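*Asks:* What follows is a single structure, and I will ask about it in a moment.
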Amino acid sequence: MSALSHSHLNSSTFVLTGVPGLEVYSLWLSIPFSSIYAMVFLGNCTVLHMIRTEPSLHQPMFYFLAMLSLTDLCMGLSTVYTVLGVLYGFMQDISLDFCIAQSYFIHGLSLMESSVLLAMAFDRYIAICNPLRYSSILTNDKIMKIGVAILCRSFSFISPAIIRLKFLNYCRPHILSHSFCLHQDLLRLACSDIRFNSIYALVLVIMNLLLDAVLIIISYIMILHTVLAIASREERMKSLQTCVSHICAVLVFYIPIIGLTMVHRFGKHLSPLVHVLMGNIYILFPPLMNPIIYSIKTHQIRRRVQRLFSLKAV
């Protein structure tokens, strides 16, 4: 490890880390990881295909779901090459430019997923609290504008911190904690003044991820207040049922991201295996679970999936 550290100390490449302590089993580990990536691509492509081809799914709720699936699909595409490359043994290191580009897409897509989940919470709020004006508020034109705003918000705000990574001096051993690049991982290796990046990243988390989470909670408090005012128990359950899949998607996104943040901030004494495990959960768990959640919990999607497989069986 020492020789490896010195050989990369002054180079512009960074060593990717597979699964510490289990390097001899990399080929075996590549099987479940390949299966997970295949499920990510298949699940999200299936959801996108169903929304595009099924006229009954051409509604605001499903347009936002399409945005979520597209974001998850891009997250899988942004990491599959390095993650599987390390496990299959054809990729051990990565250039600084490639690393910066990958971290840009990973963090940008994370902010994008948070924004899409907030838009989906707004959709549920309008549908339940103001149903008579639902179609007039969430028109196709407004949904398109929301999508563009989400894209600009996610990738423009993160640019200053990511661009500055190019100009930092990396004098510590160029060994990354994961098989992909993260902003905080590169900062750990820098010897330059990283106060701007650290403060900017903290502000970005507060103004985006934390703010989105607070607004989602507020929207559900208002939804709950409206639902509890409904006299019929059956109608109350029906209204809440439309929110279950979104609540699950929110938990699937925020729990791993909070866990990874805690590990990076306070878990320096933990085993490298914990860092790698949390990193992979953060990258793969939401894209894997979201299509499953919506296929099980949303009856329109579930019916369409059943029809799709019944046609193939015939």
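Along the chain as shown, residues are numbered 1 onward.
Positions of Cβ are set from backbone N, Cα and C atoms, glycine also.
TrEMBL entries are annotated by machine, without manual review.
These came from TrEMBL, pasted as-is:
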- 25-50: transmembrane segment (TRANSMEM)
- 43-294: domain 'G-protein coupled receptors family 1 profile' (DOMAIN)
- 62-84: transmembrane segment (TRANSMEM)
- 104-122: transmembrane segment (TRANSMEM)
- 143-163: transmembrane segment (TRANSMEM)
- 199-231: transmembrane segment (TRANSMEM)
- 243-267: transmembrane segment (TRANSMEM)
- 273-294: transmembrane segment (TRANSMEM)
*Asks:* Residue list, the transmembrane segment (199-231) vs rest of chain: Cβ under 8 Å, 6 or more residues beyond ends.
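*Replies:* Hits for the transmembrane segment (199-231): 110-111, 114-115, 117-118, 121-122, 124-125, 128-129, 153, 157-158, 160-161, 183-184, 239-240, 243, 247, 250, 254, 257, 261.
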*Asks:* Summarise the model's confidence over the domain 'G-protein coupled receptors family 1 profile' (43-294) as a mean pLDDT value.
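*Replies:* In the predicted model, the domain 'G-protein coupled receptors family 1 profile' (43-294) has a mean pLDDT of 90.
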*Asks:* Between the stretches 62-84, 243-267, 273-294, which wins on the count of C-beta pairs under 8 angstroms to the transmembrane segment (143-163)?
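*Replies:* Answer is 62-84, with the largest number of Cβ pairs below 8 Å.
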*Asks:* Counting only residues 6 or more past its boundaries, what in the same chain has a CB within less than 8 Å of a CB in the transmembrane segment (243-267)?
*Replies:* 68, 110, 113-114, 117, 120-121, 124, 128, 184-185, 205, 209, 213, 216, 220, 223, 274-275, 278-279, 281-282, 285-286, 289-290, 293-294, 296-298
*Asks:* Sequence-remote contacts (6 or more beyond its ends) of the transmembrane segment (273-294), Cβ cut-off under 8 Å?
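*Replies:* Distal contacts: 17-22, 36-37, 39-40, 43-44, 46-47, 65, 68-69, 72-73, 75-76, 79, 83, 106, 113, 177-180, 182, 245, 248-249, 252-253, 256-257, 259-260, 263-264, 267, 301.
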*Asks:* Sort out the residues at least 6 away from either end of the transmembrane segment (62-84), same chain, that have Cβ-Cβ distances under 8 Å to it, and list them.
*Replies:* 16, 30, 33-34, 37, 40-41, 44-45, 47-48, 51-52, 91, 94, 102, 105-106, 109-110, 112-113, 116-117, 119-120, 123, 140, 143, 147, 150, 179-181, 249, 280, 283-284, 286-287, 290-291, 294, 298, 300-301
